[in-house]
Amino acid sequence: MWIFSSLCAVLTILAMDDVATEAKTTPYTKFTKKSEGKEMLKGLKPSSGFFLDGEETVHTETAAMAEPTTGSPALAMAESTAGPSASATTRLLPFESFSLDTTGFVLNCCHCCSFVTGQKGEPGKMGKQGPKGETGDTGSPGHPGTTGPQGPKGQKGEKGLKGDRGDQGAGGIPGYPGKPGEQGALGPKGDKGTIGPAGTKGQKGSKGELCGNGTKGEKGDPGASGAHGFIGEPGAKGEKGGVGEKGYRGDLGERGEKGQKGEKGMEGEKGSRGDVGSEGKRGSDGLPGLRGDSGPKGEKGEIGSPGFTGPAGPKGELGSKGVRGPTGKKGSRGVKGSKGEATQVPQSAFSALLSKPFPPPNVPIKFDKILSNDQGDYSPVTGKFNCSVPGTYIFSYHVTVRGRPARISLVARNRKQFKSRETLYGQQVDQASLLLILKLSAGDQVWLEVSKDWNGLYVGPEDDSIFSGFLLYPEETFSKSP
(Lines of atoms letter the chains of each structure in order from A; the text may use other names.)
(Lines give C-alpha, C1' and ligand atoms only; values in the text may rest on other atoms or scores of the structure.)
Protein backbone atom coordinates (compact mmCIF):
# COMPACT_ATOMS: atom_id res chain seq x y z
CA MET A 1 0.00 0.00 0.00
CA TRP A 2 2.86 2.34 0.85
CA ILE A 3 4.53 1.62 -2.51
CA PHE A 4 1.26 2.34 -4.36
CA SER A 5 0.87 5.73 -2.58
CA SER A 6 4.45 6.69 -3.41
CA LEU A 7 3.90 5.81 -7.08
CA CYS A 8 0.81 8.05 -7.27
CA ALA A 9 2.74 10.91 -5.68
CA VAL A 10 5.52 10.59 -8.26
CA LEU A 11 2.97 10.62 -11.10
CA THR A 12 1.38 13.76 -9.64
CA ILE A 13 4.72 15.56 -9.52
CA LEU A 14 5.43 14.67 -13.15
CA ALA A 15 2.02 16.01 -14.19
CA MET A 16 2.66 19.28 -12.42
CA ASP A 17 5.97 19.67 -14.20
CA ASP A 18 4.23 19.36 -17.57
CA VAL A 19 1.79 22.17 -16.65
CA ALA A 20 4.56 24.58 -15.70
CA THR A 21 6.83 23.95 -18.69
CA GLU A 22 7.52 27.66 -19.05
CA ALA A 23 9.48 27.89 -15.81
CA LYS A 24 12.65 25.94 -16.58
CA THR A 25 14.21 26.58 -13.21
CA THR A 26 11.36 25.35 -11.03
CA PRO A 27 12.58 24.26 -7.60
CA TYR A 28 11.34 21.06 -5.92
CA THR A 29 7.95 21.56 -4.34
CA LYS A 30 7.29 20.89 -0.71
CA PHE A 31 4.05 19.47 0.72
CA THR A 32 2.68 19.55 4.22
CA LYS A 33 -0.02 17.25 5.53
CA LYS A 34 -3.31 18.75 6.64
CA SER A 35 -4.16 18.42 10.28
CA GLU A 36 -6.37 15.46 11.23
CA GLY A 37 -9.07 17.67 12.78
CA LYS A 38 -10.31 19.07 9.46
CA GLU A 39 -13.20 17.50 7.57
CA MET A 40 -13.19 16.42 3.97
CA LEU A 41 -14.63 18.91 1.52
CA LYS A 42 -18.13 18.34 0.32
CA GLY A 43 -18.37 17.19 -3.27
CA LEU A 44 -14.85 15.77 -3.23
CA LYS A 45 -15.23 12.14 -4.23
CA PRO A 46 -12.18 9.95 -4.56
CA SER A 47 -11.98 7.54 -7.47
CA SER A 48 -13.38 4.16 -6.64
CA GLY A 49 -10.72 2.52 -8.78
CA PHE A 50 -8.10 3.13 -6.09
CA PHE A 51 -10.06 1.85 -3.12
CA LEU A 52 -10.03 -1.65 -1.76
CA ASP A 53 -12.68 -3.27 0.44
CA GLY A 54 -12.25 -2.15 4.02
CA GLU A 55 -9.97 0.82 3.19
CA GLU A 56 -12.60 3.48 2.36
CA THR A 57 -12.35 5.14 5.80
CA VAL A 58 -8.57 5.55 5.56
CA HIS A 59 -8.80 7.05 2.10
CA THR A 60 -11.55 9.45 3.18
CA GLU A 61 -9.56 10.72 6.13
CA THR A 62 -6.42 11.34 4.07
CA ALA A 63 -8.18 12.97 1.12
CA ALA A 64 -7.80 16.52 2.50
CA MET A 65 -4.67 18.41 1.45
CA ALA A 66 -2.46 20.84 3.39
CA GLU A 67 -3.21 24.58 3.58
CA PRO A 68 -1.30 26.78 1.11
CA THR A 69 0.97 29.52 2.42
CA THR A 70 0.53 31.90 -0.53
CA GLY A 71 -1.55 32.12 -3.69
CA SER A 72 -0.11 30.82 -6.98
CA PRO A 73 -1.15 29.87 -10.51
CA ALA A 74 -0.86 26.24 -9.47
CA LEU A 75 -4.26 26.64 -7.85
CA ALA A 76 -5.93 25.73 -11.14
CA MET A 77 -4.49 22.25 -11.07
CA ALA A 78 -5.54 21.73 -7.44
CA GLU A 79 -9.04 22.95 -8.16
CA SER A 80 -9.39 20.68 -11.16
CA THR A 81 -8.40 17.74 -9.01
CA ALA A 82 -10.37 18.46 -5.86
CA GLY A 83 -13.44 20.06 -7.50
CA PRO A 84 -14.94 23.56 -7.34
CA SER A 85 -15.74 23.41 -3.66
CA ALA A 86 -12.16 22.74 -2.71
CA SER A 87 -10.89 26.18 -3.76
CA ALA A 88 -11.76 27.73 -0.43
CA THR A 89 -9.57 25.41 1.51
CA THR A 90 -6.83 24.10 -0.78
CA ARG A 91 -4.68 26.72 -2.50
CA LEU A 92 -1.19 26.07 -3.81
CA LEU A 93 1.15 29.03 -4.28
CA PRO A 94 3.45 29.06 -7.27
CA PHE A 95 6.93 27.90 -6.71
CA GLU A 96 6.44 27.58 -2.99
CA SER A 97 8.18 24.83 -1.10
CA PHE A 98 5.96 22.41 0.89
CA SER A 99 6.31 18.88 2.27
CA LEU A 100 3.98 15.90 1.70
CA ASP A 101 3.60 13.04 4.19
CA THR A 102 2.48 10.02 2.17
CA THR A 103 1.69 7.81 5.15
CA GLY A 104 -1.93 6.70 4.86
CA PHE A 105 -2.41 9.03 1.89
CA VAL A 106 -3.92 8.17 -1.48
CA LEU A 107 -4.02 10.79 -4.19
CA ASN A 108 -6.91 10.81 -6.64
CA CYS A 109 -5.34 11.27 -10.03
CA CYS A 110 -8.24 10.29 -12.21
CA HIS A 111 -8.17 13.61 -14.14
CA CYS A 112 -4.48 13.38 -14.95
CA CYS A 113 -4.08 9.64 -15.62
CA SER A 114 -5.36 7.47 -18.39
CA PHE A 115 -8.33 5.18 -17.74
CA VAL A 116 -6.52 2.32 -19.50
CA THR A 117 -5.08 -0.17 -17.02
CA GLY A 118 -1.32 -0.37 -17.27
CA GLN A 119 0.59 -3.56 -17.77
CA LYS A 120 1.44 -5.56 -14.72
CA GLY A 121 4.97 -4.91 -13.58
CA GLU A 122 7.54 -7.59 -13.01
CA PRO A 123 7.59 -9.02 -9.50
CA GLY A 124 10.16 -7.46 -7.27
CA LYS A 125 13.11 -9.31 -5.92
CA MET A 126 12.71 -11.15 -2.71
CA GLY A 127 13.73 -9.06 0.27
CA LYS A 128 16.27 -10.05 2.82
CA GLN A 129 15.18 -12.23 5.65
CA GLY A 130 14.08 -10.23 8.63
CA PRO A 131 15.46 -10.74 12.10
CA LYS A 132 14.10 -13.61 14.15
CA GLY A 133 11.12 -12.59 16.24
CA GLU A 134 10.93 -12.98 19.96
CA THR A 135 9.65 -16.23 21.37
CA GLY A 136 5.93 -15.98 22.01
CA ASP A 137 4.20 -16.99 25.22
CA THR A 138 3.38 -20.61 25.71
CA GLY A 139 -0.13 -21.27 24.48
CA SER A 140 -2.78 -22.92 26.58
CA PRO A 141 -2.89 -26.71 26.25
CA GLY A 142 -5.18 -27.89 23.48
CA HIS A 143 -8.15 -30.16 23.87
CA PRO A 144 -7.37 -33.88 23.88
CA GLY A 145 -7.55 -35.35 20.40
CA THR A 146 -9.87 -38.13 19.38
CA THR A 147 -8.77 -41.69 19.97
CA GLY A 148 -6.72 -42.95 17.07
CA PRO A 149 -7.39 -46.22 15.27
CA GLN A 150 -6.12 -49.40 16.81
CA GLY A 151 -2.55 -50.15 15.84
CA PRO A 152 -1.47 -53.38 14.15
CA LYS A 153 -1.17 -56.51 16.22
CA GLY A 154 2.22 -56.79 17.87
CA GLN A 155 4.59 -59.64 17.23
CA LYS A 156 4.38 -62.75 19.36
CA GLY A 157 6.47 -62.40 22.49
CA GLU A 158 9.23 -64.78 23.43
CA LYS A 159 8.41 -67.86 25.41
CA GLY A 160 8.45 -67.19 29.14
CA LEU A 161 10.59 -69.05 31.62
CA LYS A 162 9.30 -72.29 33.03
CA GLY A 163 7.34 -71.71 36.24
CA ASP A 164 8.11 -73.31 39.55
CA ARG A 165 6.64 -76.68 40.21
CA GLY A 166 3.36 -76.48 42.10
CA ASP A 167 2.61 -78.18 45.35
CA GLN A 168 1.45 -81.75 45.19
CA GLY A 169 -2.33 -81.98 45.00
CA ALA A 170 -4.44 -83.79 47.48
CA GLY A 171 -4.95 -87.45 46.84
CA GLY A 172 -8.10 -88.43 44.96
CA ILE A 173 -10.92 -90.48 46.37
CA PRO A 174 -10.17 -94.18 45.94
CA GLY A 175 -12.14 -95.66 43.06
CA TYR A 176 -14.65 -98.45 43.29
CA PRO A 177 -13.17 -101.94 43.22
CA GLY A 178 -13.16 -103.35 39.71
CA LYS A 179 -14.99 -106.44 38.63
CA PRO A 180 -13.07 -109.69 39.09
CA GLY A 181 -11.22 -110.64 35.94
CA GLU A 182 -11.94 -113.80 34.06
CA GLN A 183 -9.97 -116.91 34.82
CA GLY A 184 -6.99 -117.12 32.51
CA ALA A 185 -6.40 -120.03 30.20
CA LEU A 186 -4.12 -122.89 31.24
CA GLY A 187 -0.50 -121.89 30.66
CA PRO A 188 1.94 -123.96 28.63
CA LYS A 189 3.85 -126.80 30.26
CA GLY A 190 7.07 -125.61 31.93
CA ASP A 191 10.54 -126.75 30.96
CA LYS A 192 12.15 -129.73 32.71
CA GLY A 193 13.71 -128.77 36.03
CA THR A 194 17.44 -128.99 36.74
CA ILE A 195 19.00 -132.00 38.57
CA GLY A 196 18.75 -131.67 42.33
CA PRO A 197 21.86 -131.31 44.55
CA ALA A 198 23.85 -134.44 45.53
CA GLY A 199 23.21 -136.06 48.91
CA THR A 200 25.57 -135.73 51.89
CA LYS A 201 28.57 -138.06 52.11
CA GLY A 202 28.11 -141.06 54.43
CA GLN A 203 30.35 -141.95 57.41
CA LYS A 204 33.48 -143.95 56.82
CA GLY A 205 33.02 -147.66 57.54
CA SER A 206 35.14 -149.66 60.00
CA LYS A 207 38.21 -151.45 58.70
CA GLY A 208 37.61 -155.10 57.90
CA GLU A 209 39.69 -157.98 59.05
CA LEU A 210 42.50 -159.12 56.85
CA CYS A 211 41.91 -162.50 55.32
CA GLY A 212 43.60 -164.68 52.79
CA ASN A 213 42.93 -164.61 49.13
CA GLY A 214 39.42 -165.89 48.60
CA THR A 215 37.82 -167.14 45.47
CA LYS A 216 35.95 -164.75 43.20
CA GLY A 217 32.37 -164.45 44.29
CA GLU A 218 29.33 -164.55 42.06
CA LYS A 219 27.65 -161.43 40.76
CA GLY A 220 25.32 -159.98 43.33
CA ASP A 221 21.66 -159.19 42.85
CA PRO A 222 20.78 -155.74 41.56
CA GLY A 223 20.29 -153.19 44.28
CA ALA A 224 16.99 -151.52 45.09
CA SER A 225 16.04 -148.50 43.01
CA GLY A 226 17.01 -145.19 44.52
CA ALA A 227 14.51 -142.62 45.73
CA HIS A 228 13.23 -139.93 43.34
CA GLY A 229 15.11 -136.67 43.33
CA PHE A 230 13.58 -133.40 44.54
CA ILE A 231 11.15 -131.62 42.22
CA GLY A 232 12.98 -128.96 40.29
CA GLU A 233 11.94 -125.30 40.44
CA PRO A 234 9.60 -124.13 37.61
CA GLY A 235 11.41 -122.68 34.66
CA ALA A 236 11.19 -119.00 33.63
CA LYS A 237 8.12 -117.95 31.60
CA GLY A 238 8.71 -118.13 27.88
CA GLU A 239 8.40 -115.05 25.63
CA LYS A 240 5.06 -114.25 24.06
CA GLY A 241 4.72 -115.60 20.57
CA GLY A 242 4.21 -113.20 17.65
CA VAL A 243 0.87 -112.62 16.00
CA GLY A 244 0.16 -115.23 13.38
CA GLU A 245 -0.29 -114.33 9.74
CA LYS A 246 -3.71 -113.44 8.47
CA GLY A 247 -5.54 -116.50 7.22
CA TYR A 248 -7.02 -116.73 3.76
CA ARG A 249 -10.69 -116.10 3.37
CA GLY A 250 -12.64 -119.26 2.80
CA ASP A 251 -14.56 -119.90 -0.39
CA LEU A 252 -18.29 -119.44 -0.49
CA GLY A 253 -20.18 -122.61 0.25
CA GLU A 254 -22.01 -124.41 -2.51
CA ARG A 255 -25.69 -123.84 -2.88
CA GLY A 256 -27.75 -126.55 -1.30
CA GLU A 257 -29.82 -128.95 -3.36
CA LYS A 258 -33.48 -128.33 -3.93
CA GLY A 259 -35.64 -129.89 -1.27
CA GLN A 260 -38.00 -132.76 -2.00
CA LYS A 261 -41.58 -132.07 -2.93
CA GLY A 262 -43.90 -132.14 0.04
CA GLU A 263 -46.71 -134.64 0.41
CA LYS A 264 -50.12 -133.86 -1.02
CA GLY A 265 -52.42 -132.23 1.47
CA MET A 266 -55.65 -133.76 2.68
CA GLU A 267 -58.71 -133.44 0.46
CA GLY A 268 -61.04 -130.71 1.58
CA GLU A 269 -64.66 -131.24 2.60
CA LYS A 270 -67.33 -131.37 -0.10
CA GLY A 271 -69.12 -128.07 -0.47
CA SER A 272 -72.89 -127.64 -0.15
CA ARG A 273 -75.09 -127.68 -3.25
CA GLY A 274 -75.65 -124.34 -4.87
CA ASP A 275 -79.02 -122.62 -5.33
CA VAL A 276 -81.16 -123.17 -8.43
CA GLY A 277 -80.28 -120.72 -11.13
CA SER A 278 -82.77 -118.18 -12.54
CA GLU A 279 -84.74 -118.95 -15.74
CA GLY A 280 -82.80 -118.30 -18.92
CA LYS A 281 -83.80 -115.78 -21.60
CA ARG A 282 -85.83 -116.83 -24.65
CA GLY A 283 -83.78 -117.65 -27.71
CA SER A 284 -84.15 -115.75 -31.03
CA ASP A 285 -86.45 -117.05 -33.84
CA GLY A 286 -84.90 -119.18 -36.56
CA LEU A 287 -84.47 -117.97 -40.18
CA PRO A 288 -87.20 -118.85 -42.75
CA GLY A 289 -86.54 -121.85 -45.06
CA LEU A 290 -85.68 -121.64 -48.77
CA ARG A 291 -88.48 -121.32 -51.29
CA GLY A 292 -89.40 -124.65 -52.98
CA ASP A 293 -90.01 -125.37 -56.68
CA SER A 294 -93.41 -124.39 -58.10
CA GLY A 295 -95.81 -127.33 -58.46
CA PRO A 296 -98.58 -127.84 -60.98
CA LYS A 297 -101.49 -125.50 -60.79
CA GLY A 298 -104.09 -126.91 -58.54
CA GLU A 299 -107.64 -126.22 -58.12
CA LYS A 300 -108.71 -123.11 -56.51
CA GLY A 301 -108.57 -123.76 -52.89
CA GLU A 302 -110.04 -122.14 -49.93
CA ILE A 303 -108.55 -119.06 -48.41
CA GLY A 304 -105.44 -120.11 -46.60
CA SER A 305 -104.07 -119.05 -43.21
CA PRO A 306 -101.81 -115.97 -42.89
CA GLY A 307 -98.27 -116.43 -44.15
CA PHE A 308 -94.99 -116.40 -42.13
CA THR A 309 -93.61 -113.16 -40.71
CA GLY A 310 -91.20 -111.45 -43.02
CA PRO A 311 -87.53 -110.76 -42.16
CA ALA A 312 -86.70 -107.97 -39.67
CA GLY A 313 -86.10 -104.52 -41.06
CA PRO A 314 -82.86 -102.53 -40.72
CA LYS A 315 -81.78 -101.25 -37.28
CA GLY A 316 -83.33 -97.95 -36.39
CA GLU A 317 -81.52 -94.86 -35.09
CA LEU A 318 -80.40 -94.66 -31.45
CA GLY A 319 -83.16 -93.29 -29.29
CA SER A 320 -82.76 -90.60 -26.64
CA LYS A 321 -81.51 -91.56 -23.18
CA GLY A 322 -84.27 -92.69 -20.94
CA VAL A 323 -85.00 -91.44 -17.44
CA ARG A 324 -83.01 -93.15 -14.70
CA GLY A 325 -85.10 -95.63 -12.85
CA PRO A 326 -85.58 -95.70 -9.08
CA THR A 327 -83.01 -97.40 -6.86
CA GLY A 328 -83.76 -101.03 -6.35
CA LYS A 329 -84.26 -102.66 -2.97
CA LYS A 330 -81.36 -104.24 -1.14
CA GLY A 331 -81.02 -107.87 -2.02
CA SER A 332 -81.04 -110.64 0.55
CA ARG A 333 -77.77 -111.96 1.94
CA GLY A 334 -76.25 -114.72 -0.11
CA VAL A 335 -75.37 -118.19 1.08
CA LYS A 336 -72.01 -118.57 2.83
CA GLY A 337 -69.33 -119.79 0.47
CA SER A 338 -67.23 -122.89 0.93
CA LYS A 339 -64.01 -122.82 2.93
CA GLY A 340 -61.00 -121.88 0.81
CA GLU A 341 -57.59 -123.50 0.79
CA ALA A 342 -54.99 -122.15 3.26
CA THR A 343 -51.87 -120.58 1.74
CA GLN A 344 -48.49 -121.05 3.38
CA VAL A 345 -46.58 -117.81 4.11
CA PRO A 346 -42.79 -118.18 3.80
CA GLN A 347 -40.89 -117.54 7.01
CA SER A 348 -37.26 -116.88 7.92
CA ALA A 349 -35.87 -115.69 11.29
CA PHE A 350 -32.88 -116.24 13.57
CA SER A 351 -31.27 -114.91 16.77
CA ALA A 352 -27.84 -115.96 18.14
CA LEU A 353 -25.48 -114.95 20.99
CA LEU A 354 -21.70 -114.56 21.08
CA SER A 355 -19.94 -117.02 23.41
CA LYS A 356 -16.32 -115.74 23.35
CA PRO A 357 -15.12 -112.13 23.68
CA PHE A 358 -12.83 -110.29 21.26
CA PRO A 359 -13.53 -112.14 17.98
CA PRO A 360 -10.83 -112.28 15.27
CA PRO A 361 -10.84 -109.34 12.80
CA ASN A 362 -11.80 -109.21 9.11
CA VAL A 363 -13.75 -112.50 9.18
CA PRO A 364 -17.44 -113.20 9.95
CA ILE A 365 -18.17 -113.14 13.68
CA LYS A 366 -19.48 -116.52 14.82
CA PHE A 367 -22.52 -116.01 17.05
CA ASP A 368 -22.63 -119.67 18.04
CA LYS A 369 -25.24 -119.76 20.85
CA ILE A 370 -28.49 -120.21 18.92
CA LEU A 371 -31.67 -118.79 20.46
CA SER A 372 -33.95 -119.21 17.42
CA ASN A 373 -33.20 -120.64 13.97
CA ASP A 374 -36.17 -122.81 12.93
CA GLN A 375 -35.60 -122.50 9.19
CA GLY A 376 -31.82 -123.04 9.52
CA ASP A 377 -30.96 -120.03 7.35
CA TYR A 378 -28.26 -118.90 9.83
CA SER A 379 -25.09 -121.00 10.18
CA PRO A 380 -23.33 -120.80 13.60
CA VAL A 381 -20.29 -122.50 12.06
CA THR A 382 -19.64 -119.76 9.49
CA GLY A 383 -21.47 -116.89 11.21
CA LYS A 384 -23.37 -116.08 7.99
CA PHE A 385 -27.09 -115.77 7.19
CA ASN A 386 -28.08 -117.35 3.86
CA CYS A 387 -31.16 -115.89 2.16
CA SER A 388 -33.51 -118.63 0.93
CA VAL A 389 -36.66 -116.50 0.48
CA PRO A 390 -36.19 -113.32 -1.58
CA GLY A 391 -37.78 -110.29 0.02
CA THR A 392 -37.25 -107.49 2.53
CA TYR A 393 -35.43 -108.34 5.78
CA ILE A 394 -34.70 -106.58 9.08
CA PHE A 395 -31.31 -107.15 10.76
CA SER A 396 -30.21 -105.90 14.18
CA TYR A 397 -27.42 -106.31 16.67
CA HIS A 398 -26.84 -105.23 20.26
CA VAL A 399 -23.27 -105.74 21.46
CA THR A 400 -21.19 -104.87 24.54
CA VAL A 401 -17.83 -103.09 24.07
CA ARG A 402 -15.22 -103.25 26.83
CA GLY A 403 -11.48 -102.72 27.29
CA ARG A 404 -10.62 -101.80 23.71
CA PRO A 405 -12.21 -99.94 20.76
CA ALA A 406 -14.57 -101.63 18.31
CA ARG A 407 -15.34 -100.99 14.64
CA ILE A 408 -18.35 -103.07 13.53
CA SER A 409 -19.44 -103.56 9.92
CA LEU A 410 -22.59 -105.25 8.57
CA VAL A 411 -21.74 -106.99 5.30
CA ALA A 412 -24.38 -107.98 2.72
CA ARG A 413 -23.76 -109.19 -0.85
CA ASN A 414 -19.97 -109.00 -0.15
CA ARG A 415 -20.22 -105.25 0.54
CA LYS A 416 -20.15 -103.30 3.80
CA GLN A 417 -23.64 -101.84 4.06
CA PHE A 418 -23.21 -100.16 7.47
CA LYS A 419 -20.18 -99.21 9.62
CA SER A 420 -19.94 -97.88 13.20
CA ARG A 421 -17.25 -97.59 15.84
CA GLU A 422 -16.88 -97.23 19.62
CA THR A 423 -13.67 -95.81 21.15
CA LEU A 424 -12.97 -97.25 24.61
CA TYR A 425 -9.83 -97.98 26.60
CA GLY A 426 -9.08 -99.41 30.02
CA GLN A 427 -12.01 -100.97 31.86
CA GLN A 428 -14.71 -98.79 30.31
CA VAL A 429 -17.92 -100.50 29.19
CA ASP A 430 -20.36 -99.33 26.53
CA GLN A 431 -23.05 -100.74 24.21
CA ALA A 432 -23.63 -100.40 20.47
CA SER A 433 -26.78 -101.31 18.52
CA LEU A 434 -28.22 -101.21 14.99
CA LEU A 435 -31.55 -101.80 13.17
CA LEU A 436 -31.34 -102.01 9.37
CA ILE A 437 -33.78 -102.92 6.55
CA LEU A 438 -32.33 -104.70 3.50
CA LYS A 439 -33.83 -106.18 0.34
CA LEU A 440 -32.20 -109.52 -0.48
CA SER A 441 -32.32 -112.00 -3.30
CA ALA A 442 -32.07 -115.75 -3.01
CA GLY A 443 -28.48 -116.77 -2.25
CA ASP A 444 -27.38 -113.46 -0.69
CA GLN A 445 -25.37 -113.69 2.55
CA VAL A 446 -25.27 -111.32 5.54
CA TRP A 447 -22.79 -111.26 8.45
CA LEU A 448 -20.96 -109.02 10.96
CA GLU A 449 -17.20 -108.44 11.21
CA VAL A 450 -14.72 -106.23 13.11
CA SER A 451 -11.48 -104.51 12.03
CA LYS A 452 -7.92 -105.18 13.17
CA ASP A 453 -7.15 -103.76 16.65
CA TRP A 454 -10.82 -102.69 16.83
CA ASN A 455 -12.37 -105.96 18.04
CA GLY A 456 -13.61 -104.91 21.49
CA LEU A 457 -16.82 -107.03 21.44
CA TYR A 458 -17.24 -108.51 24.91
CA VAL A 459 -19.32 -111.17 26.65
CA GLY A 460 -19.36 -112.08 30.31
CA PRO A 461 -21.56 -113.23 33.17
CA GLU A 462 -23.45 -109.92 33.11
CA ASP A 463 -22.96 -108.84 29.48
CA ASP A 464 -24.11 -110.34 26.16
CA SER A 465 -23.78 -109.58 22.44
CA ILE A 466 -26.57 -110.70 20.07
CA PHE A 467 -27.20 -110.76 16.29
CA SER A 468 -30.76 -111.18 14.88
CA GLY A 469 -32.67 -111.01 11.60
CA PHE A 470 -36.08 -111.91 10.14
CA LEU A 471 -38.15 -111.69 6.95
CA LEU A 472 -40.47 -108.67 6.89
CA TYR A 473 -42.37 -109.66 3.73
CA PRO A 474 -41.46 -111.85 0.75
CA GLU A 475 -40.96 -110.48 -2.72
CA GLU A 476 -43.94 -112.41 -4.17
CA THR A 477 -46.53 -110.74 -1.94
CA PHE A 478 -45.04 -107.37 -2.69
CA SER A 479 -45.40 -107.84 -6.46
CA LYS A 480 -49.05 -109.07 -6.36
CA SER A 481 -51.75 -106.56 -7.19
CA PRO A 482 -54.47 -105.98 -4.54
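Using the three backbone atoms N, Cα and C, a Cβ is placed for every residue, glycine included.
Quick caveat, the model's predicted, so the values are computed rather than measured.
The feature compositional bias 'Low complexity' is assigned by Swiss-Prot to 137-153.
The feature compositional bias 'Basic and acidic residues' is assigned by Swiss-Prot to 155-167 (among others).
Summarising the annotation, Swiss-Prot assigns compositional bias 'Basic and acidic residues' to 236-284 (among others).
The domain 'Collagen-like 1' annotation in Swiss-Prot covers 130-189. Summarising model confidence by region, the domain 'Collagen-like 1' (130-189) averages a pLDDT of 78.
According to Swiss-Prot, the domain 'Collagen-like 2' annotation covers 217-276.
The domain 'Collagen-like 3' feature in Swiss-Prot is assigned to 283-342. According to DSSP, the secondary structure content of the domain 'Collagen-like 3' (283-342) in residues is 0 helix, 0 strand, 60 coil.
Summarised by DSSP class, the composition of the domain 'C1q' (343-478) is 4 helix, 81 strand, 51 coil. What Swiss-Prot records for 343-478 is domain 'C1q'.
Lys189 (O-linked glycosylation site): 7 other CB atoms within 10 A of its CB, across all protein chains. Swiss-Prot lists Lys189 (among others) with the feature O-linked glycosylation site, giving experimental evidence as the kind of evidence.
According to Swiss-Prot, the feature O-linked glycosylation site maps to Lys315 (among others).
Other C-beta atoms found within 10 angstroms of the C-beta of Pro141 (hydroxyproline) number 6, with every protein chain shown included. Look at Swiss-Prot and you will find Pro141 (among others) tagged as hydroxyproline, backed by experimental evidence.
Look at Pro144 (hydroxyproline): DSSP puts it in coil. Note on Pro144 (hydroxyproline): other Cβ atoms within 10 Å of its Cβ, all shown chains, come to 6. Feature annotation from Swiss-Prot assigns hydroxyproline to Pro144 (among others); the stated evidence is experimental evidence.
Listed in sequence order, the residues of the same chain lying 6 or more apart from Pro174 (hydroxyproline) and placing their CB within less than 8 Å of its CB: none are present. Sequence annotations record features per position, and here Swiss-Prot assigns hydroxyproline to Pro174 (among others).
According to Swiss-Prot, the hydroxyproline annotation covers Pro177 (among others), on the basis of experimental evidence. Long-range Cβ contacts of Pro177 (hydroxyproline) within its own chain (separation 6+, distance under 8 Å) are none.
Within 10 Å of the C-beta of Pro180 (hydroxyproline) there are 7 other C-beta atoms, taking all protein chains into account. Pro180 (hydroxyproline) falls within neither a helix nor a strand when secondary structure is assigned with DSSP, and so counts as coil. Positions annotated as hydroxyproline by Swiss-Prot, on the basis of experimental evidence: Pro180 (among others).
Secondary structure at Lys189 (O-linked glycosylation site), taken from DSSP and collapsed to helix, strand or coil, is coil. Swiss-Prot lists Lys189 (among others) with the feature 5-hydroxylysine.
On its own chain, Pro222 (hydroxyproline) has no residue at least 6 apart in sequence with a Cβ closer than 8 Å to its own Cβ. As annotated by Swiss-Prot, hydroxyproline applies to Pro222 (among others), with the evidence given as experimental evidence.
On the backbone, the CA of Pro141 (hydroxyproline) and the CA of Pro306 (hydroxyproline) stand 150 Å apart. Tertiary proximity for the compositional bias 'Basic and acidic residues' (155-167), restricted to same-chain residues at least six positions away from its ends with a CB under 8 Å from its CB atoms, involves no residues. Residue pair Pro288 (hydroxyproline) / Pro306 (hydroxyproline) shows a Cα separation of 15 Å. Taking CA atoms as the reference points, Lys189 (O-linked glycosylation site) and Pro144 (hydroxyproline) are 94 Å apart. In the structure as shown, the Cβ atom of Pro306 (hydroxyproline) sits within 10 Å of 5 other Cβ atoms.
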